[in-house]
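Below you'll find the structure, written out as structure tokens, and then a few comments.
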């Protein structure tokens, strides 16, 4: 297995572990796991997959759990995700699913 694949696998494991740890209530340990995953990503020059990149706050490294550490709002087809720890906001444009109800 290539080294970059091993690094990516470890990054994913750390982010998953951080999410589980945050659910149990230990946010400080969860932040440390995410910081470590970010460090692996930078040192190994490996991109964090988009699915996992969206799982944590980029300002305070807190795992985003809806209702616990994150608030979600939809305003005019824009999803606004707000970290409840540091008030960092990220906006995503909501688009129609590619395969559903296409008009010909």
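Cβ atoms here come from the backbone N, Cα and C positions, even for glycine.
Over in Swiss-Prot, the protein carries these features:
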- 57, 60, 83, 86: Zn(2+) binding site (BINDING)
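Cβ neighbour count for residue 60 (Zn(2+) binding site): 15 (other Cβ atoms within 10 Å of its Cβ, all protein chains included). The Zn(2+) site is defined by 57, 60, 83, 86, and by the 8 Å test on Cβ atoms against their centroid, the other residues of the chain that qualify are 58, 59, 61, 62, 69, 84, 85, 87, 88.
For the binding-site residues given as 57, 83, 86, the lowest number of other CB atoms within 10 Å of the residue's CB is seen at 86.
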